[in-house]
């Protein structure tokens, strides 16, 4: 049997490929500059390591559950809360899906023109309409099956992983190899350069860090496949944290060598990764080659992510949905098994968010920043259910068996779960504050604040409405059944 077990280092590499990407480095550097190095170390120690080990215990305890987080919640609390967990997992992907068309446009704009002008010079109306067309096209294609794209997407994901590591190696090595390379950020040898100013503005950026290191629950299928999970799984998670830490710190230092931390480009979040590869390529004598390879792999990866994120979360929510909480019309399938009305609901919600910026976003750079920050507010909401399940598990820990336990002492375990829950919640709430100068554009500031607050509230309220509709539907069906009973004269 041991020959079929995977080792701790394999688990670490699988998880690393799932949770890490170059975008994590670029987005957080764009918000904090070189001081993000310290932030990475803090978030890893205070949040990511306990998060990953909490997931490990939940996976080990409910090793036969196939529903992931919603199954954990159902086993530790109620079916109703399990439905809300499943709904949250699906609905947080709505802003994520709305962002993908713009990312695809930006990537292929760099391939075609060698810069970010294709999208930045478009009007917001044109960007919104083209993005909507791209999304609707892939929404339709998702109903037809995309097996070929899944294979291509997997290859693109691997290529992106390699490019992210290559970027770090080349950037760190550039001063020693390319004689004309000059480090952009001054005083990078001074420790004070890396110390953040812990003010209110700083704490509004924490949600982006949480967003970057989240997603550890994706490793759930591998915990019980690990040899000696009690010893080897935590070892693998510490290796994972080490790899994430090294890539985050060195990646941020590499960004600081290419871009001046005190004078960051306004389009860094949208175009920073492409510009970085372009600059490195020029210094290493390969021109735009590295940038084009990165743009192609990222573009294909974004297409695959768009297609998968339309289909997979929807199936998780509706494939075995409880009729008590999800109305029949939403569970309805075609003869080919397509969740027709589920796709329609996805299309409506995503289309609204794609078109929403027309009411208050002035340019492409602000659109990318707003959508990225909106995702950093909404996406971590699903992590809350992980920590809730862990707290509830430890309340009744005597009733469950687990090969691996994060913390054996019940009270300490509940404190760890509560810490991660509150940290995530506070980060999401603070992340709602817009990341732009109020004085420069008050109307845009208020638009972003309102949309950042209302989007998660509306999405969650919609999920609370469905059980009410389902109950009405069932009462109506029961009433019709009673009316058909024929009583004898």
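Including glycine, each Cβ sits where the backbone N, Cα and C put it.
Keep in mind that this is a model prediction, so the values were computed, not measured.
Here's what Swiss-Prot has on this protein:
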- 6-26: transmembrane segment (TRANSMEM)
- 36-56: transmembrane segment (TRANSMEM)
- 91-111: transmembrane segment (TRANSMEM)
- 122-142: transmembrane segment (TRANSMEM)
- 152-172: transmembrane segment (TRANSMEM)
- 195-215: transmembrane segment (TRANSMEM)
- 238-258: transmembrane segment (TRANSMEM)
- 290-310: transmembrane segment (TRANSMEM)
- 342-362: transmembrane segment (TRANSMEM)
- 373-393: transmembrane segment (TRANSMEM)
- 413-433: transmembrane segment (TRANSMEM)
- 449-469: transmembrane segment (TRANSMEM)
Query: Considering only Cβ pairs under 8 Å, which range in 6-26, 122-142, 238-258, 342-362 makes the most contacts with the transmembrane segment (290-310)?
result: 122-142
- prompt: Are there at least 3 C-beta pairs under 8 angstroms linking the transmembrane segment (6-26) and the transmembrane segment (122-142), leaving out pairs fewer than 6 apart in sequence?
  reply: no
- request: Decide whether the stretches the transmembrane segment (195-215) and the transmembrane segment (373-393) have at least 3 CB pairs under 8 angstroms, with pairs required to be 6 or more apart in sequence.
  value: yes
- request: Could you check if the transmembrane segment (342-362) is in contact with the transmembrane segment (152-172), meaning 3+ Cβ pairs under 8 Å among residue pairs at least 6 apart in sequence?
  value: no
Most Cβ pairs under 8 Å with the transmembrane segment (36-56), selected from 91-111, 152-172, 373-393, 449-469: 373-393
Message: Are there residues at least six beyond either end of the transmembrane segment (373-393) with Cβ under 8 Å to its Cβ atoms? List them, or say none.
response: 51, 54-55, 57-58, 61, 69-70, 72-73, 75-77, 81, 84-85, 88-89, 92-96, 99, 207-208, 210-211, 214, 217, 400, 413-414, 416-418, 420-421, 424-425, 427-428, 431-432, 434-435, 448, 451-452, 455-456, 459-460
- line: For the transmembrane segment (6-26), out of 152-172, 238-258, 413-433, 449-469, most C-beta pairs under 8 A are with 238-258
